[in-house]
Amino acid sequence: ELISCLQCKLQRLWEERELVLSDLQECSKQGEELEAMVRDICKPNEFERYMMFIGDLEKVVSLLLCLSTRLARVQNALRRVDGNTDAEEKQSLTERHKLLSRQREDAKDLKENLDRRERVVSGILAKYLTEQQLQDYRCFVQVKTSLLIEQKDLEEQIKFFEEQLEHLEQSIP
């Protein structure tokens, strides 16, 4: 019964992930249209700034999500540490926690820098775009970020439930 429940949950998550991937494709098309418009109306160096920002947006968001996920896993492992845990393993987890914490702080700094760059790009685009076009640009950035976060979250949930299902199936003779 539990296996069946996990399989149903996984099926719903896979379907949800497909919807998010479809939304990401739509967002990507919108991004291509926006890119073409920005290329046509902006100076080459302004267009380059725009493209660098858009490219870095996905990288920085993905990096932050990846580091946060890894840090959460290490924190969970540290919570399970008890008197029976090997001292070397505990040391390794503590060191990984420190390293991931530092890396996440660095990634947060990158995100703050990216946010500043977004304001610069918005300022550039405000010189050329109508208010509606500027709103569309801002909506695109927000939707792209949200979809990336949602995709990563779904992938993590799927991975978790697949592991649970695998462990459960192995535990049954």
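Here the Cβ of each residue, glycine as well, is placed from N, Cα and C on the backbone.
Taken from TrEMBL, the feature domain 'ASD2' covers 1-173.
Taken from TrEMBL, the feature coiled coil applies to 90-120 (among others).
Residues or ranges marked as coiled coil by TrEMBL: 144-171 (among others).
If one looks beyond the coiled coil (144-171) by at least 6 residues along the same chain, the residues whose Cβ comes under 8 Å of a Cβ in the stretch are 2-3, 6-7, 9-10, 13-14, 16-17, 20-21, 23-24, 27, 31, 57-58, 61-62, 65-66, 69. Nonlocal intrachain contacts for the coiled coil (90-120), taken as residues 6+ away from its ends with a CB within less than 8 angstroms of a stretch CB, comprise 49, 52-53, 56-57, 60-61, 63-64, 67-68, 70-71, 74-75, 77-78, 81, 141.
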